[in-house]
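J.: Pasting the feature list from TrEMBL:
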type	residues	note
DOMAIN	103-180	domain 'Core-binding (CB)'
DOMAIN	204-386	domain 'Tyr recombinase'
């Protein structure tokens, strides 16, 4: 769309009503008549509102003029009589999003969905509605939403706002969920997003940490101990970044040698435990020296235990700062710690099924795929004595 076209007020392009006028019929039947565009159609529907009988006639005319002025003001501001139609399909985008989010809130309260899921829905729908408003798109009813508008929005996120392909795909996925819900409620006949294809997934820039990078990470034990413990919890226990921000001290059982990941905080929605390897126990115990059971395992106070949780972004930012300080490649991202831990545990001879349980993978194939991340010759195979 050209810049000129963007800046043209939408009423010069779309005329979606015909102003109210007074029509005097027989037998003192006076009506205020106006027309409004039928959603998704290029046709108008006539609406009538009866002017109550008043005496003298001039008082009735004055009342009719007030009715006309009020209706025309509402029409000019974007109101449509279809908002008040009992037909369930004629619902505004705002009405649908508010109802959808309200229902998600209830599911969060009942433990069916996670608060993070609600935040994702809320953020996505608020951004989409802001786009509709900012671009002055004449969308009154959700049934008027079409594939072209959705595609333009997703392109706007990717090309104009420079968001990643993952962000593009996440917004497409969330909009699909919302619009499928609208379809089940009969607010729309078809889901206009279902024909939009996601961006091809780019392989994640995560690699197993090289020996020299591991040596640099170990220096954190002396320079940033509590962040070091967080990193090692990812390496040894394969705990995800978001899960780390929600762990409480009470979830850690040092004497039993395990940590409980509550289902409300985990990616797979299951409450499971992960084993703390003996080699890591002393550092974790030191991290917990002054902790209270009610504390978060990692807080906003320099990753120490405390009452205020850290955010996932804080973890990523701290890793990026460390990586920049030690000048190693961006392919070594925070989750490379988890990838490295899984790969190292497999290479140590631990059965894949045990590693699967520690990593909480739903399929053994996912666990076994980590063995392919070694981009070098396997010394054991290389030096094997078998021959044809």
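Every residue, even glycine, has its Cβ placed from backbone N, Cα and C.
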J.: Please count the residues of the domain 'Core-binding (CB)' (103-180) that DSSP assigns to helix (H, G, I), strand (E, B) and coil.
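T.: Grouping H, G, I as helix and E, B as strand yields 60 helix, 1 strand, 17 coil.
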J.: Average the pLDDT scores across the domain 'Core-binding (CB)' (103-180) and report the rounded value.
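T.: Result for the domain 'Core-binding (CB)' (103-180): average pLDDT 92.
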